[in-house]
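In what follows, a structure is listed as structure tokens, so that the remarks can point back to it.
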Ligand SMILES: O=c1ccn([C@H]2C[C@H](O)[C@@H](CO)O2)c(=O)[nH]1
Ligand SMILES: [Zn+2]
């Protein structure tokens with residue numbers, strides 16, 4: 001397969017090895033799908049601003065995204081007798097800025113994120129989709145196969161992380177958008193546009209027998225696509241503190257936990273007041289607990305919140321604003337049964353008000 005690569009942005013300095021890996025990942029997909037040498041795909045790295053415009057124009061979604069796949073619409077490409085010299089698959093547009101951010105959020109870095117997004121997008125161009133659960137599973141498997149070929153699979157990653165940094169969290173999955181809101185395919189001109197939402201495969205699909213019930217709970221549920229020791233630890237601590245919730249009025253107990261860069265965990269529960277408006281949520285208590293111990297903005301890497309809700313527990317607006325102040329990149333919304341959804345701060349509170357706005 002021929003790859004036409006161009007780096008059309010200045011915001012991120014893209015290392016040579018990242019581009020090499022990206023190409024390897026794409027070639028792995030090509031090999032697995034037996035694409036010929038005459039197949040051509042173009043890959044362009046852009047900044048958030050550019051992908052935002054594309055996302056708005058083609059999908060009507062007014063925000064940046066990680067990757068857009070522009071498939072050439074076969075029907076509009078006249079087939080010449082004897083077939084075309086080259087078969088153009090389409091364009092892959094990746095936001096380098098978002099790749100940096102997501103690589104950091106998931107803990108696996110820019111290079112892997114870039115490769116993942118490229119592989120995911122190429123699979124879209126080949127007709128894969130993740131509109132429903134079955135399609136999603138198939139696509140995931142294809143991604144893993146390709147990533148395995150270049151030793152960047154989830155499994156490879158888990159192993160290297162265990163070796164280097166046993167407590168390091170690799171946030172494996174994010175699918176913040178609820179099922180019904182999954183991507184729409186928009187058509188405009190000859191381009192068909194789809195977008196990749198990050199969903200990585202569950203780290204351990206096979207059941208491990210020596211696993212505590214806790215872990216089983218986390219892994220089996222529908223929305224959590226991966227788990228690791230750190231999330232389990234946060235979850236357990238949040239549930240424990242939740243027991244201390246002071247909730248004479250709502251009787252609704254909430255627990256939260258935050259993780260700092262240095263590995264400390266602070267927890268909180270909701271504390272109500274007869275003057276109702278003075279009630280403070282579990283999330284803010286956890287963040288303020290950390291602050292009281294000297295933790296400053298940028299030093300919290302993750303917040304988890306859990307209550308006995310049907311779906312996962314979603315933080316209120318006030319807490320979101322405080323999360324923005326502390327620049328917490330990853331928020332895990334859970335319920336006591338262990339359902340979980342992981343979202344970025346940007347998803348929870350877009351266009352947030354920051355000190356920089358008045359400084
Ligand atoms: O994310 C949330 C939502 C609500 N609450 C608390 C506040 C109040 O005590 C009770 C009912 O709103 O739940 C939290 O702690 N966190
Ligand atoms: Zn709140």
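Cβ coordinates come from backbone N, Cα and C, glycine included.
According to TrEMBL, the features are:
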ACT_SITE  283  active site, proton donor
BINDING   120, 124, 130, 281, 316, 319  Zn(2+) binding site
COMPBIAS  177-186  compositional bias 'Basic and acidic residues'
COMPBIAS  187-206  compositional bias 'Basic residues'
COMPBIAS  207-219  compositional bias 'Basic and acidic residues'
DOMAIN    229-356  domain 'CMP/dCMP-type deaminase'
REGION    171-219  region 'Disordered'
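Ligand 2 lies under 6 Å from the Cβ of 281, 316, 319, out of the binding-site residues 120, 124, 130, 281, 316, 319.
Contact annotation for binding-site residues (120, 124, 130, 316) versus ligand 1: 316, each with CB under 6 Å from a ligand atom. Packing around residue 124 (Zn(2+) binding site) is summarised by its Cβ count: 27 other Cβ atoms lie within 10 angstroms of its Cβ, all protein chains included. Of the listed binding-site residues, namely 120, 130, the sparsest CB environment within 10 A is found at 130. For the domain 'CMP/dCMP-type deaminase' (229-356), the DSSP counts in helix, strand and coil order read 44 helix, 34 strand, 50 coil. Around residue 281 (Zn(2+) binding site), a 10 Å sphere centred on its CB holds 22 further CB atoms from the protein chains shown.
For the pair residue 316 (Zn(2+) binding site) and the residue listed as 'active site, proton donor', the Cα-Cα distance reads 9 Å.
Counting every protein chain shown, the number of other Cβ atoms lying within 10 Å of the Cβ of residue 319 (Zn(2+) binding site) is 24. Residue 130 (Zn(2+) binding site) sits 32 Å from the residue listed as 'active site, proton donor', taking the CA atoms of both as reference points. All protein chains shown were included, and the count of other CB atoms within 10 Å of the CB of residue 316 (Zn(2+) binding site) stands at 12.
Taking a C-beta cut-off of under 8 angstroms and a sequence separation of 6 or more, residue 283 (active site, proton donor) has the following same-chain neighbours: 254, 256, 268, 303, 305, 315, 319, 322, 323. For the domain 'CMP/dCMP-type deaminase' (229-356), the mean pLDDT of the prediction comes to 96. The DSSP secondary structure for residue 124 (Zn(2+) binding site) is helix.
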